[in-house]
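A quick write-up on the structure given underneath.
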């Protein structure tokens, strides 16, 4: 997939006239702009939302996520796990940079003929495939190379996720309730059946996901429902060791409920136009094909109906951080109300060494 994206960067940039043209068109349309240092948490992308909100999301994804933990444990030593995390960080930073560049390249290529306005694309997630066809349409096999790259990356992540779910079902929901140990054959069939069931569910949910907006915002909105409280529980265990298991679990339930409300309420608000994110201007003045929309320039109206700000108006980048706070703070309060556990009885290896 990385190779396919790099090919798009090189060929697409050359087709529009070079890097200077890309920068000029994006600066002129306001798509390259100075960092937003606003302290308003309801603004979609501020520098604080990216560093603190996005940072907490990536900490949770890399430190406590089941798929990452399985990969760490598959390595022979702790030092190897650290090295793999460094390599992953470098790789994901490089990949994200290419993706950001491709976003700028999409606008620079279609700056005078917006595919969304002309209905050539039905969703924003279709813009990159359209760019691929425009850039590589005359080269047999290159468009297929991009598709194969996307499929290989997707199936890699999907297979890891399904394997993790099967392991969780086996270890947490089956083994604790079986009187006799499962045989190797029973374990094998159970895990295969679990993977099959979750795989079918994942395929069916594709029909729902495509109606809920862009993949990036959706993933960073739905995943923190559980990821935020989970990170909160781990932080309580490491940094607040006097909180016992019952209080930590109660805090996690509070955080899970809070996050479910925030995310679901936000999705409802987006669907009802209560939350409207301003968009940059686009044009169809340079289109060389016929389309039904007669409007040549489109821009969101500057005036929208005003609504009282609530917690669900907060930027989706803060969701993981909200989940952590709505778990750790109630857990601490529950411990203060119902009693603390004796820290001296704990294994020092599970507590932060500086405490």
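Backbone N, Cα and C atoms are what each Cβ position is placed from, and that goes for glycine too.
So that you can see what the record holds, here are the features copied from TrEMBL:
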- 45-64: transmembrane segment (TRANSMEM)
- 85-110: transmembrane segment (TRANSMEM)
- 142-168: transmembrane segment (TRANSMEM)
- 189-209: transmembrane segment (TRANSMEM)
- 221-240: transmembrane segment (TRANSMEM)
- 247-264: transmembrane segment (TRANSMEM)
- 316-337: transmembrane segment (TRANSMEM)
Using a Cβ cut-off of under 8 Å, list the residues of the same chain at least 6 residues beyond the transmembrane segment (189-209) that approach it.
158, 162-163, 165-167, 169-170, 174, 182, 215, 218
Please work out whether the transmembrane segment (221-240) lies in contact with the transmembrane segment (316-337), by counting C-beta pairs under 8 angstroms that are 6 or more apart in sequence and asking whether there are at least 3.
yes
Considering only the recorded stretches 45-64, 85-110, 142-168, state which has the highest number of Cβ pairs under 8 Å to the transmembrane segment (316-337).
45-64
